[in-house]
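According to Swiss-Prot:
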MOD_RES   Lys76  N6-(pyridoxal phosphate)lysine
BINDING   Ser207, Gly244, Glu283, Pro284, Gly285, Arg286, Tyr397  pyridoxal 5'-phosphate binding site
BINDING   Phe339, Asp340, Asp369  substrate binding site
ACT_SITE  Cys368  active site, proton donor
Amino acid sequence: MTLTGCVDYYEIIAGTKVAVCRNAIDNKTVATAIAATRTVNGNDDPFVVMNVSTIMAKVIQWQRTMPRVAPCYAVKCNDDKVLLRTLADLGMGFDCASKAEIEKVIGLVGPEKIVYANPCKTRGFIAHAEAAGVKRMTFDSVEELTKIKQNHADPSLILRISVSDPTAQCQLGIKFGCDPETVAPKLLRKAADMGMNVIGISFHVGSGCNEPATFRTALEYARGLFDLGISLGLSMTLLDIGGGFPGVDTAHISLDACAAVINPALEELFPLDSCPDVEVIAEPGRYFACAAVSVTTNVIASVKVPASRITEKADDVNRDGYMYYMNDGVYGSFNCKLFDHYQPRGMPLAEHDADEPRFPVCVWGPTCDGLDQVEESSVMPRLYEGDWLYYPDMGAYTSVAASTFNGFDKPKTYYFIDEATLGSIVRKADSAPRG
């Protein structure tokens, strides 16, 4: 990549070349430089840009906002090796859901910093966790409890309860977690009878939480179950408040809004003076991954249609609208639209005058599937074949689930970081014990 005026030198992180800039720059600036070089070279392939500096900024924000809560990054959200290495260097733990995810991070951190947070595991995966030294794992049924006992000699168990935000982007309570009132007490008693080591309670209010008050409800249930567990002789030293934290702050939801509920609830229900041995962790994914990544695509066709075809308003039949076809779609980077209920919103990479006409547009991916629509109805300037579209905030549940359906390759990723942030990460990594 040629980024004249942007990149001063390169460093290798996780075996990958990362551009280092002496001054801080943003994703769009880097994407513009890459696109310009590609256009000159006749390369119109889509590409991804990851700003490693953004990852550290999110870590700092978390530590300032919820200092008592230690984040364990949800690997499922984005398993990019530069992202994982950066988070590990910054002292992060990891939430893993499978054997493969454990394998991705076991060389980065010690097994004590891994939570196997999948309440339904195969016997082989449980045995693998034992071999890898991973003890902390979740369960939500007597069947899973029995399975773990039969396949792991020394597990540290975390009971997952179901407390869900009904407005969350992705509902998880319908699949995982037991009822905190009717089932959870029975499972704690059963675990105690079986001589199993239950160390705490976990919950997940739903990926993409919109109602932070749900955290308070879940913490109240957790407090009651902690008390029961302690009365049964269980150690109860871990509280896992799950994920659901926003990747980008909006008028409706922010990390501050979540913290405004969580921090006082922890102080009231799990005060440090009476609960000094209770470790509080969380499982954020999109919070760390989303804003660091952008996707830039190329318009491969621009087709004029009656605007009514897009807006579905009969009055727009005589207005112009456009269907933009681009070379990445829902089978690639934009699978988040189908699987994560995310609504990507793109913009022209090139600047357009404010008084330039805007038109109703829909944006299609490149495959033959009619389902491959990234934006149903948006408003954009007139774009032409060969123009570039820029999509910010695309790091969560995107590349990790991308496919090569119809023979379309996954986009290449470019990485950059500013020099000051790189120095901070290196110093942090050098001062921390390596797992």
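Backbone N, Cα and C define each Cβ position, glycine as well.
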Problem set entry | Distance from the residue listed as 'N6-(pyridoxal phosphate)lysine' back to Gly244 (pyridoxal 5'-phosphate binding site), taken between C-alpha atoms, in Å | 13
Exercise. Under a criterion of Cβ-Cβ distance under 8 Å and sequence separation of at least 6, what residues of the same chain contact Tyr397 (pyridoxal 5'-phosphate binding site)?
Worked result: Lys76, Cys77, Asn78, Gly285, Arg286, Asn335, Cys336, Phe339, Asp340, Tyr342
Seminar exercise, completed: So Glu283 (pyridoxal 5'-phosphate binding site), by the Cβ count within 10 Å over all chains shown, scores 27
Problem set entry | Most Cβ neighbours inside 10 Å, all chains, among the binding-site residues Asp340, Asp369 | Asp340
Exercise. So what sits near Cys368 (active site, proton donor) in its own chain, CB-to-CB under 8 Å and at least six residues off in sequence?
Worked result: Asn406
Exercise. Which Cβ among the recorded positions (Lys76, Arg286) has the fewest C-beta neighbours inside 10 Å?
Worked result: Lys76
Exercise. Per DSSP, Phe339 (substrate binding site) is which: helix, strand or coil?
Worked result: helix
Problem set entry | Largest CA-to-CA spread of substrate binders Phe339, Asp340, Asp369, angstrom | 19
Seminar exercise, completed: Around the Cβ of Gly244 (pyridoxal 5'-phosphate binding site), other Cβ atoms within 10 Å, all chains included, total 31
Problem set entry | Reduced DSSP assignment, Gly244 (pyridoxal 5'-phosphate binding site) | coil
Exercise. Hey, how far is Glu283 (pyridoxal 5'-phosphate binding site) from Asp369 (substrate binding site), Cα to Cα, in Å?
Worked result: 35
For this session: Measure from the CA atom of Asp369 (substrate binding site) to the CA atom of Pro284 (pyridoxal 5'-phosphate binding site) and give the result in Å, rounded to a whole number.
Result: 33
For this session: Could you say which of the binding-site residues Gly285, Phe339 has its Cβ with the most other Cβ atoms inside 10 Å?
Result: Gly285
